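Comments concern the structure below.
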Amino acid sequence: MPVEGGSSSGSASAARHPKQKRKAHSLSIRRTNSTEERPGGIQRGDMLDGQDSKLPLALRSNLLDLFGQIEREFENLYIENLELRREIESLNERLTGDGQAVEGGDPTKGALKTKASHSTSQLSQKLKTTYKASTSKGKIGGPRNFSVATWELWGGDSWIVSSFKATTGSRALCQLLKEYVGHRDGIWDLSVTRTQPVVLGTASADHSALLWSIETGKCLLRYAGHAGSVNSIKFHPTEQMALTASGDQTAHIWRYMVQLPAPQPPPDVSAPCDEDQDSSDREEGEVDGEGPCEVPTVRVATATLKSHQGVVIAADWLVGGRQVVTASWDRAANLYEVETSELVHTLTGHDQELTHCCTHPTQRLVVTSSRDTTFRLWDFRDPSIHSVNVFQGHTDTVTSAVFTVGDNVVSGSDDRTVKVWDLKNMRSPIATIRTDSAVNRISVSANQKIIALPHDNRQVRLFDMSGVRLARLPRSNRMGHRRMVCCTTWNEENQSCNLFTCGFDRQAIGWNINIPALLQEK
């Protein structure tokens, strides 16, 4: 059974993360070798002397170092928060002087200009990076709790991003199906099985992956084989196997067997709800559903893929399920044979950490995205030639790039745009979607080719392939996510169309999407 806590040297190594090339300060939590300045000339040894503790001196010293760094980072964020608020007030005063009304009359919820919005996007990205780095491995001390507390202090980035009302028809077009609650930390990724029985899988920073009954919301199985944050989960195309990527620098392939419980009546979501109510007002513990109390647990992987030198952020099966590809913060993607766990190819070329990888549903194609603002297309259709194409259509981190069933690639970025590309002519995008918030892991429905965009500002929006906005998922004090939405995935089985979302608020949500009504509204 893996132990979440590690040695002090291991925790410091796991916490190190390459510095972002931004004007703003880096939030990467790291150990320093120099002696930190302390008030009144008090040194670390003086602070530790005379204190009654059973902890070893070296461990106590390391803890003191980490908490000191946390305090400094928190102070920097607090100062930046105050500066942004002053800038907002200044912009609002200028708007008022020009005779323009400020939405809501509250400076913290008013319309923001480009500069303030860009600063917000940077702050959001730094918080996400810090949180992922701090949950890569189980560490001693408070970095992970600090990240959560910091995020919650600012309401999951919602305090500085404008919130738009949903259209009156959103509730009829997108209805809440089920909430899946049970993880102890944020959920990074989710996926639906391609074989029977159809279940939902979630990957969380709490070092576990859970399998859920879609209809009842009951947890069916828990995978606890990783020693770090589980950043990705994908299911085998034909067998009952799952592929998970983790902050422990490995990817695991593991088998599962589940039995679906009897279905329950659907929840009553017809009651009116106040769209203007800020859902962040709901307390952290006030969630519906039941967590995984006593569920079967798998602790041993069928195969462990461990050739990376950094956090494995994503993994996927190639068509046929005989090979898998992994993407890592070590700036490389690896191709493995499933049967032997042998490393076949190392795909290098990205200048910064990878953020995602995706495989084509019918061809041996792979797309990888990176913080270097590019995504790359790798072609394995000819065994002797592994061609690569580099695409530079974004100005910030490319958070994900995914294939559609046809000949398209859809890419999302922290530059608050989503671009649709034609595989036959990738010189320029055929459509560009501009949003008001950074975009995380997107997904495209196979049948209708509808793009689901999860945002930092807790919104989930639906667009078609031409860039026309179709709907926004309802969000109120009774439904929707209360923190950043990390990922979306579609399930179009059994003549229905369901969309699943997961977020930083530790829950996944299932939505029933009325496709005919959606297209009619278009």
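Indices start at 1 and increase along the chain as displayed.
Backbone N, Cα and C atoms are what each Cβ position is placed from, and that goes for glycine too.
Feature annotation from TrEMBL assigns compositional bias 'Low complexity' to 1-15. Under the heading region 'Disordered', TrEMBL lists 1-49, 97-119, 264-293. Taken from TrEMBL, the feature compositional bias 'Basic residues' applies to 16-25. If you look up TrEMBL, you'll see 180-222, 223-254, 305-346, 347-388, 391-431 marked as repeat 'WD'. Residues or ranges marked as compositional bias 'Acidic residues' in TrEMBL: 273-291.
Sequence-distant contacts of the repeat 'WD' (305-346) (same chain, at least 6 residues past either end, Cβ-Cβ under 8 Å): 17-18, 132-133, 136, 189, 228-229, 231-232, 234-239, 241, 243-247, 249-253, 352-364, 366, 368, 370, 378, 380, 386. Away from its own ends, the repeat 'WD' (223-254) comes close to residues 1-4, 6, 14, 132, 135-138, 185, 188-195, 201-211, 297-306, 308-317, 319-321, 324, 326-328, 336, 338 of its chain (Cβ-Cβ under 8 Å, at least six residues beyond either end). In the repeat 'WD' (305-346), the DSSP tally of helix, strand and coil residues is 0 helix, 22 strand, 20 coil.
Along the repeat 'WD' (180-222), the predicted structure has mean pLDDT 96.
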